[in-house]
Amino acid sequence: MKMTVMTMTMMTDELLPVEKAAKKLQKKQKMDDARAEAELQTNILETEKYVLPSGQEIEKESVQPADLTLVQQRIKEVLVVLGDFVNRREENRKRKDYLSQLKSDLCTYYSYNEFLMALLMQLFPLTELVEFLEANEAQRPVTIRTNTLKTRRRDLAQALINRGVNLDPIGKWSKTGLVIYDSQVPVGATPEYLAGHYMIQSGSSFLPVMALAAQENERVLDMCAAPGGKTQYIAALMKNTGMLFANDANKDRSRAVVGNLHRMGVTNCVVSNLDGRKFPKVMTGFDRVLLDAPCSGTGVIAKDPAVKTNKDCKDIQRCAHLQKELLLAAIDCCDAKSATGGYIVYSTCSITVEENEWVIDYALKKRNVKLVPTGLDFGQTGFARYREHRFHPSLKLTRRFYPHTHNLDGFYVAKFKKITNTNPKPKANDEDEQEDATEVIAEEVESSSGDDAESTPAGGQSTVKSKLKTGEKKTKEKKRLATAQTGAKTKGKKKVTTAQAGATRPGSVQDSRKAKVFKKGGRFKGKAGAKPKKFGTKK
C-alpha cells in the first residue's frame, strides 16, 4: 500500500505544469456538465406539463387579431401532450379539453370551419392530420398526359424540352404522364397543346381510367365526362375502336367535352347531355362504365381553398345521396354477360368515408356486384372498419390516395364486377329506412332552427331526438296496422269459408231452404253464417 502511494506521488511530481492544468480543466468540465444536466432535468420537469390557456386568455385572443406564431407553438405543445397524455397532462384536465383546444387552434391557423376540421380529426391520426393540412397549403405539381393517338411520350418530352420546359416522367405507375416543374412558355398555349399532343390533367385523374382498363372494340360509358380528360384517355386506350359514350348533365360543360375530343383526335365517341340517373332508361348493355361522381371536393382543397369554409354536414349528405343514385344507375347500365367486361369503376375526389365506403357498401347490398382489385399497385387500402361502423370486408380492395403521402390530389377508386343482370329482392331493412329518415330530419332541423340552434344547442339536440323518436313510432305504428289488416283479412276469409261450407252442407236447414226458393224462381237472400229461421212456427 505504501509502495502504491509513493508511486502515485512520484507520477504526479513527474507531470509537467501544462498536464496538471489540463487535468484540472477536465475535472472542472465534468463538474459543469453534471450541473448542466441537473438543471436541464429540472427544466424538463417544470415544463413537461403544458398548461392550457384559461377562459380569460381565450376571450382576449378572440377579440384581438390572432397571433399565428403563438397558435402554431400551442398546436405543437398540445400534440406533444396528447402523444404522452398520462405523464404530460395537466391535473384535472381531460383529453377532450386538449382536443377541443387543438381543434380551435387548427381552425384558426389553417382557416377551416369546425365541421370539416372535426371530420378530418376523426379520419386521420393527429400527427398525420397536420401533415395533411400542410400538404393542402401547397399546390400539386402541374402534370400532363400524352395523347398516344397522335404521339409518343418520348417525342413529346423532347419537343417540350426544346421549348424550355423542365419536366420528368410522373412515375413508374404511368407510361403517359409527365410532371412539369417550370416552363419558359405557357403550357396551355404551345403548338403541341393546340395540336392535341397532350392534355393538362392531374395525376390522380389517371387512376380511374387505369383501373377501368378499357379494351379495343368495346362499348364503354363515361357517365360524368366533363371536361373530357378521362374520356379521351379511354379513347386512347381503345385506339379509337369500339364505341364510347360521354355523358354529362351540364350542357355548358358538355361543350367543353366536344371541344377537347375534337382537339385530341377522338373519332369513336358520342357526347350526350342527360341526367345520369335516367341513363338506364335510355341505353344499357355497356361492357364497362366509368363513374367519376360529383363530390364535396375535400381531396382537392389545394386547388379550391373555398372548400375549407363552405362545406357542412348537409352538403356531404346531399352528395352521398346523389352518388348512391348515380352508382346504382351505372351498375344498371353495365352488362353482366359481356364477354370481355362487366366492370364498373367508381371514383371521387373526396376523402370522406360518407362519400366513398358508405356508398360502395350501399351498392353491394342493392345490386348483384362484387369488388375486384383495381390493378393499381400503390395507394392505401379502403376502410373495412371506421369508428363504430363495419363495412363489407372486400372494401379493402378499394384504394385511397392522399396529398401528403402520394403527392397527388385526394382521390378514391373502387372497381366492381357485375355478377348478374337481375337485382336482388328488396329486404325489409329498418336500418336503411332509419338512416334515410335521420338524414331528412337532420336537414329539416338545420333549415328550420337556423340561429336558434346556435343559441340553444341542447334544445336543438332534444328536437332531433324527439323527431327521431316520432319517426320511429310512426314506422312501428304503420307496421302494426299492416300486420293487423293482414290478420283481419285472413281471419275474415277463414270465417267466410267455414260459413259457406256449413251453409252448403247436404241436409242442412239452409240448404233445404235454398232449394225451395229456387223451385219458385226466386233468389236466396240469406247471409252467409246467419241463423236459419224455423218454418211453420207462429209468433
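Every residue gets a Cβ built from N, Cα and C, even glycine.
Just so you know, TrEMBL annotations never went through curation; they're auto-generated.
According to TrEMBL:
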type     : residues                                                   : note
ACT_SITE : C349                                                       : active site, nucleophile
BINDING  : C224, A225, A226, P227, G228, G229, K230, D248, D275, D292 : S-adenosyl-L-methionine binding site
COMPBIAS : 430-454                                                    : compositional bias 'Acidic residues'
COMPBIAS : 515-539                                                    : compositional bias 'Basic residues'
DOMAIN   : 132-419                                                    : domain 'SAM-dependent MTase RsmB/NOP-type'
REGION   : 422-539                                                    : region 'Disordered'
Measure from the Cβ of A226 (S-adenosyl-L-methionine binding site) and count the other Cβ atoms within 10 Å, all protein chains considered.
24
Long-range same-chain neighbours of C224 (S-adenosyl-L-methionine binding site), Cβ under 8 Å, sequence gap at least 6?
N247, D248, A249, G276, L291, D292, A293, P294, L326
By a simple count, how many Cβ atoms lie within 10 Å of the Cβ of C349 (active site, nucleophile), its own Cβ left out?
24
K230 (S-adenosyl-L-methionine binding site), number of other Cβ atoms within 10 Å:
26
Can you count the other CB atoms that lie within 10 A of the CB of G228 (S-adenosyl-L-methionine binding site)?
28
I want to check the contact list for D275 (S-adenosyl-L-methionine binding site): same chain, sequence separation of six or more, C-beta distance under 8 angstroms. What comes out?
A249
Where the record says C224, A225, A226, P227, G228, G229, K230, D248, D275, D292 bind S-adenosyl-L-methionine, what is the longest distance in Å from one Cα to another among those residues?
20
